[in-house]
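Listed features, source TrEMBL:
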TRANSMEM  25-47  transmembrane segment
DOMAIN    40-249  domain 'G-protein coupled receptors family 1 profile'
TRANSMEM  59-77  transmembrane segment
TRANSMEM  97-119  transmembrane segment
TRANSMEM  131-157  transmembrane segment
TRANSMEM  196-224  transmembrane segment
TRANSMEM  236-259  transmembrane segment
TRANSMEM  271-289  transmembrane segment
Amino acid sequence: MMINQTILKEFILVGFSVYPHVQTALFVIFFCLYMFTLAGNLVIMGLTWVDRSLHAPMYFFLSALSFSETCYTLTIIPKMLVDLLDKDSHISVTGCGLQMCFFLGIGGTNCILLTLMGYDRFLAICNPLRYPLLMTNVACGQLVASAWVGGFFISLIETTLIFRVPFCIPNLIRHFFCHMRAVLRLSCTDSNFTEFIVTLMSASGLLGTFLLILLTYVFILSSVLKIPSAEGKQKAFSTCASHLTVVIIHFGFASVVYLKPENSGGDDTLIAVPYTVITPFLSPIIFTLRNKDMKNAFKKIMRKTVIMKK
């Protein structure tokens with residue numbers, strides 16, 4: 001085992017090489033989705049930066065989420081695209097550890113940011129008089145910073161636990177990125193306890209943030225139902241619709257990946273695609289198309305661009 005541990009300097013990502021006949025098609029599909037994802041997140045960050053009507057806490061958190069999701073996709077998709085065209089998909093042990101750390105850290109940050117967005121809507125609807133006092137620029141900045149710290153705190157613990165064990169040959173990771181379970185399967189020693197701990201930490205973080213969001217929406221719903229006018233109710237619900245849609249998609253796909261029993265069957269590579277590729281693609285689309293302020297800001301920028309060209 002010591003010899004294997006010494007020799008093992010890199011892993012081989014099996015990924016989609018088990019589907020050789022569709023790799024080119026997958027490259028084209030994933031590349032297009034990735035470009036649209038980047039464009040959508042850049043549009044959101046750009047609009048919230050230049051349009052004064054979007055200088056509000058809700059859009060500050062949305063911009064922070066877009067930045068986080070851009071970083072999230074950068075940790076996985078570029079490497080995956082290269083590997084789809086390359087027959088030898090190598091990654092160093094150090095590179096694998098860094099990829100896992102950033103993937104888990106930014107993924108955890110996304111969960112916390114979605115929770116903060118729910119908290120922001122809770123304060124705006126349930127406590128509108130104190131909302132401007134509580135959600136100052138400084139407070140919003142501190143909350144976003146705490147999301148990054150919290151996400152990477154858990155990530156560092158999980159990555160350290162996983163990479164403190166020795167790894168053996170064959171060094172084949174049956175995934176398209178350094179997924180926790182896929183890497184732990186290469187351990188020379190019994191890693192059941194380590195796998196249980198890191199899975200418990202991920203599941204607790206996932207369920208914990210989801211339950212907090214659920215709780216905020218229980219309070220939001222009770223407050224909205226007290227609004228006498230139908231127009232007022234619709235306006236209150238409209239500010240939450242896009243966030244709630246993204247929450248359902250994000251946590252729905254994530255639960256399939258992280259709460260799936262080890263021996264339940266299914267290809268882990270295909271199961272992870274919705275969470276790593278589809279969710280980041282859908283998120284900016286939902287936040288722009290289902291948000292009136294974002295659509296108005298985009299139309300305003302487009303009109304100015306047309307006028308400047310004339």
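Glycine residues also receive a Cβ, built from the backbone N, Cα and C atoms like all the rest.
A Cβ distance under 8 Å defines the sequence-distant neighbours of the transmembrane segment (97-119), meaning residues of its chain 6+ beyond its ends; these are 58, 61-62, 64-65, 68-69, 71-72, 75-76, 79, 91, 143-144, 146-148, 150-152, 154-156, 158-159, 162-163, 177-180, 183, 202, 205-206, 209-210, 212-213, 216-217, 243, 246-247, 250-251, 254. When Cβ-Cβ distances below 8 Å are used as the criterion, the transmembrane segment (236-259) is approached by residues 58, 107, 110-111, 114, 117-118, 121, 124-125, 199, 202-203, 206, 209-210, 213, 217, 220, 223-224, 227, 271-272, 274-275, 278-279, 282-283, 286-287, 290-292 of the same chain, each at least six residues removed from its ends.
Beyond its flanks by at least six residues, the transmembrane segment (25-47) meets 16, 19, 54, 62-63, 66-67, 69-70, 73, 77-78, 80-81, 84-85, 277-278, 280-281, 283-285, 287-288, 294, 297-298, 301 of its own chain at Cβ-Cβ distances under 8 Å. Within the same chain, residues 57, 60-61, 64, 68, 101-102, 104-113, 116, 120, 123-124, 201, 205 sit at least 6 positions outside the transmembrane segment (131-157) and bring their C-beta atoms closer than 8 Å to a C-beta of that stretch.
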